[in-house]
Amino acid sequence: MSQTETSHSGYIDFKKESQPSVFQCKKCFQIVGDSNAWVISHREYLSFTLSDAVENSVRVEDTFKRSDDGLCVYSELSCTRCNEVIGKVYNSTPIYLDDIRDMYTFSMDKLQAYQLGNKTVNPEGLTRYQVDLEMREDIIKLKSFCLSLYEKFELHDETLRSVKETISSLKKPKIEGKEGKKEKARTYSKRTRK
């Protein structure tokens with residue numbers, strides 16, 4: 001089965017998974033149920049129970065059998081495609097197994113789980129989740145790089161504006177007032193008299 005969370009009591013809680021799963025017969029791959037009908041898992045019995053199964057995929061046998069310890073009465077569940085026995089429907093159980101009575105209890109070793117939307121693999125063999133993480137890291141790196149480029153651009157732009165202002169102030173002729181012109185004229189006339 002795919003990754004699931006196990007509580008302290010030994011049960012697997014499939015409802016905590018983010019993506020739904022379908023359960024298939026290992027022998028012929030016929031779909032017999034999905035995690036939307038998940039009830040409980042018993043690790044000690046290597047089984048899990050669903051409240052419902054896919055119609056026409058599972059056959060409940062008409063004969064009743066008794067468990068080895070004599071505490072349970074059940075009917076076997078068979079795959080309709082390959083006739084493989086894949087689980088049981090408990091008709092009579094002790095109190096501690098009341099939660100699985102009259103439901104579909106499947107043997108973990110007879111079924112396989114396929115998690116929908118989670119096992120997409122690209123050519124490099126990475127899952128979609130791994131690709132998303134790598135893309136996120138790349139985006140963060142690019143964002144950081146772009147921000148540093150922007151800061152450098154701002155610094156260079158500010159320096160360039162300052163240089164342009166300095167150059168334009170040097171190129172402009174100084175506008176002199178009347179007194180400056182008179183002083184130049186006096187200096188010029190003194191030179192010419194000598």
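Every residue number used here counts from 1 along the chain in the order it is shown.
Yeah, the Cβs are placed from backbone N, Cα and C, and that goes for glycine too.
Record features (Swiss-Prot):
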- Cys25, Cys28, Cys79, Cys82: Zn(2+) binding site (BINDING)
- 174-186: compositional bias 'Basic and acidic residues' (COMPBIAS)
- 20-116: domain 'Mis18' (DOMAIN)
- 174-194: region 'Disordered' (REGION)
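Per-residue confidence over the domain 'Mis18' (20-116) averages out at a pLDDT of 88. Helix first, then strand, then coil: DSSP counts for the domain 'Mis18' (20-116) stand at 15 helix, 48 strand, 34 coil. Each of Lys26, Lys27, Phe29, Gln30, Thr80, Arg81, Asn83, Glu84, Ile86 belongs to the same chain as Cys25, Cys28, Cys79, Cys82, is absent from that list, and has a C-beta within 8 angstroms of the C-beta centroid marking the Zn(2+) site. All chains included, 23 other C-beta atoms sit within 10 angstroms of the C-beta of Cys79 (Zn(2+) binding site). In the structure shown, across all protein chains, Cys25 is the one of the binding-site residues Cys25, Cys82 with the greatest number of other Cβ atoms within 10 Å.
Here Cys28 (Zn(2+) binding site) comes close to Cys79, Arg81, Cys82, Glu84: these same-chain residues lie at least six apart in sequence, with C-beta atoms under 8 angstroms from its C-beta.
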